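Heads up: the structure comes next, in structure tokens.
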């Protein structure tokens, strides 16, 4: 039987950085609330969580990179909401934010989690920020906890 390697869901003693886009803050504030709730319920201490607010999703990768390079965090959580409009702006912002976060994640040596909603409508965003479809902020924070504990097994 092969050995299974999995991460636990304990945030005790772990340090988390959260980068949140202010644009569409009626959604991103709910995502942040879900992420903080997940971290606290999983044992994270208030003093081990820092939140950086950026103007929009496009700016998240730069601050994520700086936070990752600081060595202060075990994982980063990137949160925001990009809602499709009538121009191609949505496509550019989504593509560059996701590429930037992936780039930081691969170079950082720590989990950098993607929690940016990319939806066609405001209603879809609201559903994913704490109503019908759960709270993706919570989901991404739980993923960060699991990934921190999994990654530690490879040191």
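All positions are counted from 1 along the displayed chain.
Glycine residues also receive a Cβ, built from the backbone N, Cα and C atoms like all the rest.
If you check Swiss-Prot, you get these features:
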type	residues	note
BINDING	23, 57, 58, 59, 81, 82, 83, 114	5-amino-6-(D-ribitylamino)uracil binding site
BINDING	86, 87, 128	(2S)-2-hydroxy-3-oxobutyl phosphate binding site
ACT_SITE	89	active site, proton donor
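Positions of Swiss-Prot features highlighted on the structure.
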residue : record                                           : Cβ neighbours (10 Å)
23      : 5-amino-6-(D-ribitylamino)uracil binding site    : 17
57      : 5-amino-6-(D-ribitylamino)uracil binding site    : 29
59      : 5-amino-6-(D-ribitylamino)uracil binding site    : 19
81      : 5-amino-6-(D-ribitylamino)uracil binding site    : 28
82      : 5-amino-6-(D-ribitylamino)uracil binding site    : 25
83      : 5-amino-6-(D-ribitylamino)uracil binding site    : 17
86      : (2S)-2-hydroxy-3-oxobutyl phosphate binding site : 6
87      : (2S)-2-hydroxy-3-oxobutyl phosphate binding site : 8
89      : active site, proton donor                        : 12
114     : 5-amino-6-(D-ribitylamino)uracil binding site    : 18
Rounded Cα-Cα span from residue 58 (5-amino-6-(D-ribitylamino)uracil binding site) to residue 87 ((2S)-2-hydroxy-3-oxobutyl phosphate binding site), Å: 16
Largest inter-residue Cα distance among 23, 57, 58, 59, 81, 82, 83, 114 [record-listed 5-amino-6-(D-ribitylamino)uracil binders, Å]: 16
Spatial separation of residue 128 ((2S)-2-hydroxy-3-oxobutyl phosphate binding site) from residue 81 (5-amino-6-(D-ribitylamino)uracil binding site) - C-alpha basis, Å: 10
Closest of 86, 89, 128 to residue 57 (5-amino-6-(D-ribitylamino)uracil binding site), Cα positions, recorded positions only: 89
Residue 128 ((2S)-2-hydroxy-3-oxobutyl phosphate binding site) versus residue 83 (5-amino-6-(D-ribitylamino)uracil binding site) - Cα distance in angstrom: 12
Closest of 59, 82, 114 to residue 89 (active site, proton donor), Cα positions, binding-site residues only: 82
Cα distance (Å, whole number) from residue 114 (5-amino-6-(D-ribitylamino)uracil binding site) to residue 86 ((2S)-2-hydroxy-3-oxobutyl phosphate binding site): 24
Rounded Cα separation (Å) that holds between residue 114 (5-amino-6-(D-ribitylamino)uracil binding site) and residue 128 ((2S)-2-hydroxy-3-oxobutyl phosphate binding site): 14
Residue 57 (5-amino-6-(D-ribitylamino)uracil binding site) - helix vs strand vs coil (DSSP): helix
Pairwise C-alpha maximum, in angstrom, for the residues (86, 87, 128) that bind (2S)-2-hydroxy-3-oxobutyl phosphate according to the record: 23
